[in-house]
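**Student:** Would you mind keeping the following structure in view while I ask a few things?
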Amino acid sequence: MRIRLNTELLSGLFGLALAALFFFNRGNVGFLSSVFPDTVLVILAVLSVVLVLRGAIAGEPTTLALDGAGSVLVGIGVMVAWWLGIKYVGFVTTSVPLFAGLALVMKRRAGPLAPRDYLIALAIALVVVGGFFWVFSEVLGIRPFRAPLL
Amino acid sequence: MEVLIAAALAVLQPHMLLIVLLGVTAGLFVGALPGLTATMALALMLPFTFAMEALEGLVALGAVYMGTIYGGAFTAILINTPGTPSSIATTFDGHPMAKQGRALEAISIATIASVVGGVVGVVFLLLAAPPLAQLALKFGPSEMFWVAILGLTLIGSLATGSVLKGLLGGAIGLIIGTIGISPIGGESRFTFGWPPLQAGVSLIVALIGLFVIPELLSMMRQGRAAIDSAAGLGDGGFRFGSAMTTVFSKPVNLIRSCVIGQIIAIIPGAGGSITSLVAYNEAKRGSDDPDSFGKGNPEGLVASESSNNVMVAGSMVPLLTLGIPGAPPDAVILGVMLLHGLRPGLELFSETGVLANGFIISMGLAALMLIPVGLLGGRLIYQVIRRTPHYFLVPTILVITILGTYALRNNLVDVALMLGLGIVGFAIRGLGLDAAPIVLGLILGTIAEQGYVQTILGGMAMDIPQLRLLENTLSQILIVLTVAVIGWTAWPRKRRQKD
C-alpha cells in the first residue's frame, strides 16, 4: 500500500508543534538560562513557518510505501514492553521471552514455524541475553538494573 | 634526538608491543558496540593501569583510545550504526558502499585512512605540540561560539534532500540540547514536569536512538532483504591493495582531512565528534563529483576516518602541554598522569622526555597495529553479521543498544529516551528529516550556548552586549569563514538549479 504526503507541509507542522511544546514549557528561568533557547525557538518557528508556506503553496506530494507497517508497530510495541519489563520485572526475565518472541515473529514472515524453531529461539535468547548481561555486570562492572527479578 | 631514540627503544620492548596489541584489540571491539564510547573504554581500563608503570599505563590507554575510535567504523559501515560519535560521518558513504556489496572494501579503506590519520596525528604531536597549544589558548567564549556556528553550516552538506529540512533538523537538535540544567545559569529548563530530564539528553543516547532504532525498525519491516543489503552480501573478498590505491589516489583530500582533524582536535571543548563531520563536508565541497557523496563515494569515508584518528593524537596537544583535556577521553588520561605524579606542561617534555615521547610514539605504533588487528577484526565482525539470520540479528542489536545506553549513566531513563527518540526519528525520516543534522545541532548546541552566554555576560556594560561577539580578530576571521562557507555551499546549488 502506498500513500502520498506533502512532506514539506508536514515537517513544517511538526517543527511548529515542537516549538509550541517547548515555548509553553519555558517556565520561569532567568536571562542567562533563557536567552539561548529563546533564540533557538524563534529560529525553529521561522524555519517551520517557511516550510509550511512552501508546502502549502508549491509542495509536491511524495509517495511513501506502507508495506510492513504492521511489523513496525509490532517492533515499537516490543520496545515499549521491553523497557517496561526491565523497569518493573527484571532485565533477564524480560529480555529472554521478548528476544525469542521477536525472533519468532520475524521468522514467521518467511514461513510456518516448527516446534524446533521455538526451542532454538529460546536457547539463543538465553545465550545472548545471559552472555551480554554477564559481560556488562561482571566483566565491565556496570551496576545491574534494579528490578524485583534478575 | 637522543631522548626520542631512548623513548622509541622503551616502547619497542616486547611487553610494550603486547600491551599495544591488546589495547588496540580491546578498543576495537568496545568501539564497535553502540553506546560504549572511548571515554568509557578508557575508564574501564583505569583499574588495570594502577598496577602498571607510568609509561605502560599511558601506552595501554593510548592504544585503547586509538582502537575504540577506529572500531566505531565497523558498525557504521555494516549496519549504519556509528559505534562512537566520531564515526557519524563514516555512515554517510561507508554504509552505502556496504549496500552495494563493497563492505570489505569500505572496511579496508577505513582501516588505511585510520592508520594514516593516526600516524599523521602523532608526527604533528611530536613536531609542533607547544606552538599549537599556544594557538588553542586564543580560543575564548566568543571564538567558540563562532566555531559552533561555522560547524552548523555543515548542515548544508549533511542534508541529503532539502537544505531547509536540514536546517529544521539542526534547530530541533539545538532545542533538544537545551533540555536540562542550563550550563551557565544553572537553572532547570524544559523538563516537562519530569525530574529525570534535569540531566538533559545525552549525545550518545540521541545518537543511538536516532541512528540505530530507525535502522532496526526498517530491518523489521523489510526482513532479510534489509540485512542482506546492509551487510553487503556478495562482497567479492579482501581488497587491501585497491583500498591503498583509493586512499592515496586523492592526496589533497587525505591531507586536508588530516589538517582539519588536527586543528579541531587542539581546540579544547570543540569535541572530537565534529572533526569527521567537518572533514567530510570539506571533502564533499572540494570534490569534482559532490553529488556522489552519500551514495558510496570512498572519498567521504577517507575524510571521516583519517580526520577522526588524527584527533586522537591531536587532542593530546593541549593535554600534554597545558594540562587541558581536548576531549572527554583525555580527562581519563590526565587522571592517570596525575596518579603517577606527572604534571602536564613543557616540563613533562624536558624532565620526563622519554616517558612523554614514548607515550606519543606508542600511539603511532597503535595506529600501525590497526592494520593487522583491524583487517582481521573487521573481517570477523563482517562474517558474524553476514552469517547471523536476520531474525536473531535484530533482537541481538536491540539487547546491545539497551545495555549500552543503560551503561552510560546506569540510568533507565536514558533507555526510555533512546527508544522514544528512535521511534520519533523513524517517523520523521519518512518526512525527509535526517538524523545527522539533528545530532549535529545537539553536539554544537552546548558549545554555542556556552560561548554565546559567556560572551554576553562579559559585555553587560555595553548597550548591546551581543556586539561583544564581533569584537576580536579571531572571531571576525571565523565570521568571514562562516559567510564564505555559506556562499560556497549556496552558489553551486543555485548554478545546478539553473542548469
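Along the chain as shown, residues are numbered 1 onward.
Each residue, glycine too, has its Cβ placed from N, Cα and C.
Sharing the record's features from TrEMBL:
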DOMAIN    B:17-440  domain 'DUF112'
TRANSMEM  B:17-46  transmembrane segment
TRANSMEM  B:58-79  transmembrane segment
TRANSMEM  B:106-132  transmembrane segment
TRANSMEM  B:144-160  transmembrane segment
TRANSMEM  B:167-185  transmembrane segment
TRANSMEM  B:197-217  transmembrane segment
TRANSMEM  B:319-342  transmembrane segment
TRANSMEM  B:354-378  transmembrane segment
TRANSMEM  B:390-409  transmembrane segment
TRANSMEM  B:415-432  transmembrane segment
TRANSMEM  B:439-461  transmembrane segment
TRANSMEM  B:473-491  transmembrane segment
**Student:** I'm a bit unsure how to read this: which one of B:58-79, B:106-132, B:167-185, B:390-409 has the highest number of Cβ pairs shorter than 8 Å with the transmembrane segment (B:319-342)?
**Tutor:** B:58-79
**Student:** Need a quick answer: max count of Cβ pairs under 8 Å to the transmembrane segment (B:106-132), which of B:354-378, B:390-409, B:439-461 is it?
**Tutor:** B:354-378
**Student:** Take the domain 'DUF112' (B:17-440) and average the pLDDT across it for me.
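**Tutor:** The answer is 83, the mean pLDDT of the model over that range.
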